[in-house]
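Annotated in TrEMBL:
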ACT_SITE  His186  active site, proton acceptor
BINDING   84-88, 94-96, 166-169, 261-262, 285-287, Cys322  NAD(+) binding site
BINDING   Cys194, Cys199, Cys220, Cys223  Zn(2+) binding site
COMPBIAS  14-34  compositional bias 'Acidic residues'
COMPBIAS  347-366  compositional bias 'Basic and acidic residues'
COMPBIAS  367-376  compositional bias 'Low complexity'
DOMAIN    56-336  domain 'Deacetylase sirtuin-type'
REGION    1-34  region 'Disordered'
REGION    347-382  region 'Disordered'
Amino acid sequence: MSDASELPERKEEEEVSPEPEEQSDDSSEEEAAGDTEMDFLRNLFSSTLGLGSADKVLDDLTLDGVARYINSGKCKNIICMVGAGISTSAGIPDFRSPGTGLYANLQKYNLPYPEAIFQIDYFKKHPEPFFALAKELYPGQFKPTICHYFMKMLKDKGILKRCYTQNIDTLERVAGLEGEDLIEAHGTFYTSHCVSFCCRKEYNLDWMKEKIFSDDIPRCDKCSSLVKPDIVFFGENLPVRFFTSMKMDFPRCDLLIVMGTSLQVQPFASLVSRVSKSCPRLLINMERAGQADPLLGLLGFGGGMDFDSDKAYRDVAQISTCDDGCLALADLLGWKAELEELVKQEHTRIDGQDKKERSCEKKEAAAKASSASVAPEPKEEE
């Protein structure tokens, strides 16, 4: 599937019962829901009673102000929240753009409705559309973007706490972020599992790729059930690690950078409210997103972005493509040349690796064709 854009909204009412060893999924989600309710009450009382006023960290609510804060050395735990918009410049469609988005171009699969292609019950009965789409958008066919490598630079400089991604394309991994650096909120193509609760055998990326590009429906070697990439479909729980990590990471965050997401998909969107009240938040996106609901804003709750009001003190909106926004920030930080060189080197390396793999594939195909064309020698009669 996609190097793909983020998956669509998860419907809370469409949860399936996890297998016995995964009971922590439900408990983690219930705890997260309880935490959200407590956050509401804390924020409401704190606003009503005038408690817990936040310090203004940025000297200016601009990209320059964010850059000065990063360069001050006080910013040591950056969290990035990213969505489909960071991968569109790699050639991967997002979900919702009119005309060009994924949902607008699924007619050829004869689906009852566009979202069905990511619905777990539909997949189990009709896996063909999903795997046909997966072949079109399979990881490994695209290169990471400037935005991906900007996050790699944050890691290399020791100031990236974590990247929370809605994307399933594995481009963060290709760019150099590793498992510990990532929370893949909507899952990943990196691994796959048998869908049978009694089996759950794991398969790697290469195994799944071979099946998909052979136009075979991937089935388990052990029990013959379907094998599905570990991406989160409608009707499935988010990874347990998403819920456990967010409780530890966000209270420690001292700069939240949100890129390429509409902040409409829950529970991912609610993460912006989990940082401390003094934590600056930078949005790099083609349009403003995540702004507080007016009614909840009157109550002092919602944790939504506030870019323009008289009370705005920590949120900055950079309205541009994610790549342009990252380049602009890198320029202000004095990192632009370093970032451009990193992108150039890595893209050259990936192109060389792809060329080598294609050459090997051609040689293997030629060898098979040559072997098949040689007639077997007749056996001598005794």
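Heads up, the Cβ atoms here are built off N, Cα and C, so glycines get one too.
All TrEMBL annotations are machine predictions without curation.
Calculated from their C-alpha atoms, the gap between Cys220 (Zn(2+) binding site) and His186 (active site, proton acceptor) amounts to 23 Å.
Mean pLDDT for the domain 'Deacetylase sirtuin-type' (56-336) in this predicted model: 89. Of the candidate binding-site residues, Ala84, Cys194, Cys223, Met286, the one lying closest to the residue listed as 'active site, proton acceptor' when CA atoms are compared is Ala84. Around Met286 (NAD(+) binding site), a 10 Å sphere centred on its CB holds 16 further CB atoms from the protein chains shown.
Taking the C-alpha positions, the distance from Met286 (NAD(+) binding site) to Cys194 (Zn(2+) binding site) comes to 38 Å.
The binding-site residues shown are Cys194, Cys199, Cys223; of these, the one with its CA atom nearest the CA of Ala84 (NAD(+) binding site) is Cys194.
Annotated Zn(2+) site Cys194, Cys199, Cys220, Cys223; additional same-chain residues within 8 Å of its Cβ mean position, judged by their own Cβ, are Val195, Ser196, Cys198, Arg200, Lys201, Asp221, Lys222, Ser224, Ser225, Val227. Here the CA atom of Asn167 (NAD(+) binding site) lies 22 Å from the CA atom of Cys194 (Zn(2+) binding site).
Separation of the C-alpha atoms of Cys223 (Zn(2+) binding site) and Ser87 (NAD(+) binding site): 36 Å, rounded to the nearest whole number.
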